[in-house]
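Reviewing the structure listed below.
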């Protein structure tokens, strides 16, 4: 097989003093952090779609990249060539996992029959590639949003035949994910929303997608899939409003359909930005609700109202995220997937490496800062002190349901309560955070 990235053997850790742009400066996979290898903490994955499927096009311009597998030709032959390049990239980047949508790896074809045939062929190819390279599948998913049939959604479509086509894709992608040893299966409702309420029945669409998710859970248990099911929240784009708006919205949906113990969330940083939240907020909310699963590590531009999918470069932002994850015990089946793409002007094929190397170094630095925060314990102590009253007799009686509203009012009056405001010490804690970051 002819090498595509023929000027590079493999990316390795060379340390912070190295001037080699094709080396890791902070990500040392074997370095121990809190007693665990850095690679095991971070569980990096590269994505198939932005890295190998995007051609550099945007709403105002055609594709700017010269990718041999994106040229005219036999679709399956080109898909196999793309797989060759993808796994060469995964190996040379030294990344342990990858992620895909069904039509990232396989031509959709002109019919459902062709789709099923092509995906079966490419599942065989991926299985062989994983075996020979040692690269594993973090998660698979089905693209039920790009084709025109999904213009009005997939599970929320007004036509049950479109719903059925989407069900076939998810059924097939779940089976492929299980066969390939995928540790999770993701459901992103790219067009599960609306553009106008003038032609939308909200109750009907909610019932449809609720039943769809129940079917997915039923299939998981029927087949014995051991991975985690994940929903990926996003507030809008491409629709005006999406039903999986943010983590809290997804939790409400899961509770409505009795799925809160079955499905967790895959949180993307850029989607948090679009929802008006910090990345930190969405991670902390998911952990608090018991539905944290995995992360799409990227960044958005707060000055732009769309999904820019840039590589993460903020150690400060991601240290807070990794702090929450470490406090919660770390990843189980999830990991850090780089749902990020090089810029349209980044036309050198090695720009793919520069983007991922910088992101991996950023997350490694963030992990080390988060580990200092955990070990030092000052933030934990400050928060514990702030809520200490809830561990006392009054707080415990309230939480345990031993006091009614009337009884509590009588207690407050009888004890002549006159609580005094206590400083939240935000500025002090922000200064402490800077010391963790910069020494």
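The count begins at 1 with the first shown residue.
From the backbone N, Cα and C atoms, a Cβ is placed for every residue, glycine too.
Annotation comment: Swiss-Prot describes 101 (among others) as active site, evidence class sequence analysis. Sequence-distant neighbours of residue 101 (active site): residues of the same chain at least 6 apart with a C-beta under 8 Å from its C-beta are 48, 49, 140, 141, 142, 143, 173.
What Swiss-Prot records for 104 (among others) is active site. Long-range C-beta contacts of residue 104 (active site), restricted to its own chain and to partners at least six residues apart, with a cutoff below 8 Å, comprise 48, 49, 52, 53, 143.
The feature Mg(2+) 1 binding site is assigned by Swiss-Prot to 232, 268, 296, 339. According to DSSP, residue 268 (Mg(2+) 1 binding site) sits within a strand segment. Cβ neighbour count for residue 268 (Mg(2+) 1 binding site): 27 (other Cβ atoms within 10 Å of its Cβ, all protein chains included).
Residues annotated as Mg(2+) 2 binding site in Swiss-Prot, with sequence analysis given as evidence: 268, 271, 307, 309.
If you compare Cα positions, residue 309 (Mg(2+) 2 binding site) sits closest to 339 out of the binding-site residues 232, 268, 296, 339. Put simply, residue 271 (Mg(2+) 2 binding site) is 9 Å from residue 296 (Mg(2+) 1 binding site) when counted between their Cα atoms. Cα of residue 307 (Mg(2+) 2 binding site) to Cα of residue 268 (Mg(2+) 1 binding site): a span of 10 Å. Local packing around the Cβ, expressed as the count of other Cβ atoms within 10 angstroms, is greatest for 339 among the binding-site residues 232, 307, 309, 339. Each of 188, 266, 267, 269, 270, 271, 295, 298, 337 belongs to the same chain as 232, 268, 296, 339, is absent from that list, and has a C-beta within 8 angstroms of the C-beta centroid marking the Mg(2+) 1 site.
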